[in-house]
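Annotated in TrEMBL:
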- 11-16, D36, R41, 89-93, 130-131, E165, 276-279, R346: NAD(+) binding site (BINDING)
- C276: active site, nucleophile (ACT_SITE)
- 332-448: domain 'UDP-glucose/GDP-mannose dehydrogenase C-terminal' (DOMAIN)
Amino acid sequence: MAKITNICCLGAGYVGGPTCSVIALKCPEVKVTVADLSKERIAQWNSDKLPIYEPGLDKVVKTCRGRNLFFSTDITKAILEAELIFISVNTPTKIVGNGKGRAADLKYVEGAARLIANTAQNDKIVVEKSTVPVKAAESIANILKANQKPGVSYQVLSNPEFLAEGTAIDDLLNADRVLIGGEESSEGRKAIEALCSIYDHWIPRENIITTNTWSSELSKLAANAFLAQRISSINSLSAVCEATGADVSEVARAVGLDSRIGSKFLQASVGFGGSCFQKDILNLVYICECLNLLEVAAYWQQVIDMNEYQKSRFSIKIVEALFNTVSGKNICILGFAFKKNTGDTRESPSIFIANTLIQEGGSIRIYDPKVEEDQIFEDLTHPSITHSPELVRKNVTVYQDAYSACEGCHAIVVCTEWDEFTNLDYDQIYQKMMKPAYIFDGRKILNHQQLMSIGFHVQTIGKRI
Ligand SMILES: NC(=O)C1=CN([C@@H]2O[C@H](COP(=O)(O)OP(=O)(O)OC[C@H]3O[C@@H](n4cnc5c(N)ncnc54)[C@H](O)[C@@H]3O)[C@@H](O)[C@H]2O)C=CC1
Ligand SMILES: O=C(O)[C@H]1O[C@H](OP(=O)(O)OP(=O)(O)OC[C@H]2O[C@@H](n3ccc(=O)[nH]c3=O)[C@H](O)[C@@H]2O)[C@H](O)[C@@H](O)[C@@H]1O
């Protein structure tokens, strides 16, 4: 296979955008086109205000855009020109039909495969970057082959993405590993080698792992399941800590110092959010059920159940502390993104907590440094969240800064660990709050002793105060 000189990516989202920007940065001789069906998203990628907030991304895009990085809605042209095509489209949980609520919906992946099959005039390497169920590459290959034009052949690779939002650029530049799965044939090996030659530009060879397609697909689901399982494990212990007087941070520290366990992903919290952990574990559970591995399915389902428990435990704690009623009380939620350094709100625990407090009759104020007001209302009025969007519009106000959001409130609830929340002047905030003034630190980022000396009633996760 000759050297790759032209790459296209279908899907200009949180994965396609940053991944291809970094490829363009590191491979200046390769033309990279990120193509999407959404005109609005592509227009944003071509503007000064990118559609996603990701530290370091602006700089990379500005360096490469117009040089060897292009964002386009002309999908046909992008496919025709490319030797290698990433499929980086969304794979949400199915909301209707067989496997509803658990199975991954592959309609966008299938749509992308059909677009490629209908367009391609010469050989293509098709790389599945979206997170998919095991054996999805086989379905992609089947679609491509069933619609193959004479003289055109395809190789399908699996190359799952492990970046985390908020650290995407660093994760891409310094990836722990790049995983490439392909067919065990001479053509398959050539395709794997072609993709390796792209990552070779900046990833040491020993960190590029090649394997068969199914192992690669399953490894992605496994990695997310392991990460989420650690969070659910520490969150389960946070409940034990609150009941016994142990401190979950101390427990995490002691456990994490064991080099066999390690210290990462042991931060107890209000629960994990984000677009992938829940969807990918549900997908794994569904696959196990289909394979009649019911005990395995139940094992992983528990990771999700524990997360639901953690979110509801925290919400109940807030209501109980406020004399069992929040009706008519002003409550300020600090942080709406699912984690710091992103504007992404998909499956954010803040949505769950805000919704509980709204249903209890609270008057909710929300401030997040990177989430737009429209997004907050879209999330809170979504039919899967509420049957009463009018109540949401009546009882929720979005603020542009933390100080005005907190003014006149009975309680503050920290839902996202933004650095700016640790540096607020809580003395000043306390003066302007209703008394008794409460703080519920769902991220364990504040100085609780200092807050108590100011006069706050403080509650947090995994520690009785
Ligand atoms: N968000 C994350 O941090 C990570 C996501 N993933 C996986 O990557 C995949 C993509 O995730 P995100 O980028 O977050 O999704 P996203 O929803 O941000 O972006 C997907 C994009 O694909 C576009 N699209 C759909 N069908 C298309 C087609 N036929 N042609 C061109 N564009 C099309 C959509 O318009 C959308 O802009 C998912 O499978 C996800 O599980 C993997 C690792 C990290
Ligand atoms: O497949 C994906 O989409 C990605 O999912 C996660 O990345 P992401 O969801 O962007 O962010 P994480 O840093 O994993 O955080 C997920 C959630 O867990 C929470 N979390 C994380 C770590 C921790 O110790 N405690 C904790 O509560 C975060 O606050 C956040 O709500 C994985 O970390 C990535 O490797 C993976 O590629």
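One is the number of the first residue shown, and numbering goes on along the chain from there.
For all residues, glycine too, the Cβ spot is worked out from N, Cα and C.
Computed from a predicted structure; not experimentally measured.
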Contacting binding-site residues, sequence order - G11, Y14, N90, Q278 vs ligand 2, Cβ under 6 Å: none
Composition by DSSP (helix, strand, coil) of residues within the domain 'UDP-glucose/GDP-mannose dehydrogenase C-terminal' (332-448): 42 helix, 19 strand, 56 coil
Neighbour tally for the residue listed as 'active site, nucleophile', based on other Cβ positions within 10 Å of its Cβ: 24
Pairwise Cα distance for E165 (NAD(+) binding site)/C276 (active site, nucleophile) [Å, integer]: 11
Listed binding-site residues adjacent to ligand 1, that is, members of D36, E165, Q278 whose C-beta is under 6 A away: D36, E165
Candidate binding-site residues G11, D36, N90, pick with smallest Cα gap to the residue listed as 'active site, nucleophile': N90
Cβ-Cβ distance under 8 Å to T93 (NAD(+) binding site), same chain, at least six residues away: G101, R102, A103, A104, D105, Q278, K279, L282, N283
Three-state secondary structure, which DSSP defines for N90 (NAD(+) binding site): coil
Least buried by Cβ count (within 10 Å) of the binding-site residues N90, Q278: N90
Tertiary neighbours of G11 (NAD(+) binding site) (same chain, Cβ under 8 Å, six or more apart): V34, D36, F86, I87, S88, V89, N90, Y108, A112, S130
Coarse DSSP state, helix versus strand versus coil, of the residue listed as 'active site, nucleophile': coil
All-chain count of other Cβ atoms within 10 Å of E165 (NAD(+) binding site): 24
Cβ-Cβ neighbours of D36 (NAD(+) binding site) (radius 10 Å): 24
CB contacts for Y14 (NAD(+) binding site) [other CB atoms within 10 A, all chains]: 23
